[in-house]
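Listed features, source Swiss-Prot:
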type	residues	note
SIGNAL	1-25	signal peptide
CARBOHYD	66	N-linked glycosylation site
CARBOHYD	74	N-linked glycosylation site
DISULFID	79-166	disulfide bond
């Protein structure tokens, strides 16, 4: 359907990372906070993979049960920044954001990678996207990548991120 990709609301505005480490039982700012670079996206909805704005990186800050997400986008070669605040909901590692969006952390080691499920309702349809993030600007975390591939084996549509200037600027806190 022509123009559909432009009409799809940006799913990736609310990406977050962090789950409860098995030993601690509580989400803490030092575990979740900081820089994350988007490395992979998997969805069975092609519109999600062709969005005009592409997330390159996130900077997360946890304060109580609120999570502030600073998102760096690449929009036709220009960097855009957006901040959004979500709240932890019924289970640790699951957050709700404005616009009927939820993020659930499926797997993370906090130091290298995080795998998230983003869910949202748009035009009466449920969309689900799996996202793979690393702390590094390079693709160093192969264990996280293989876990992402295992979780998304039945999805069918993948998009691997390219290194981007916006993620670099966000990591250096220049934007």
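Note that the numbers count up from 1, one per residue, in the order the chain is shown.
Here the Cβ of each residue, glycine as well, is placed from N, Cα and C on the backbone.
Positions of the features from Swiss-Prot, shown on the structure.
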{"residue": "66", "record": "N-linked glycosylation site", "Cβ contacts under 8 Å, 6 or more apart": "85, 86, 87, 88"}
{"residue": "74", "record": "N-linked glycosylation site", "Cβ contacts under 8 Å, 6 or more apart": "53, 54, 56, 80, 164, 165, 166"}
{"residue": "79", "record": "disulfide bond", "Cβ contacts under 8 Å, 6 or more apart": "56, 72, 73, 165, 166, 169, 175"}
Exercise. Could you tell me which three-state DSSP class residue 166 (disulfide bond) falls into?
Key: helix
Practice problem: Sort residue 79 (disulfide bond) into helix, strand or coil using the DSSP assignment. | Solution: strand
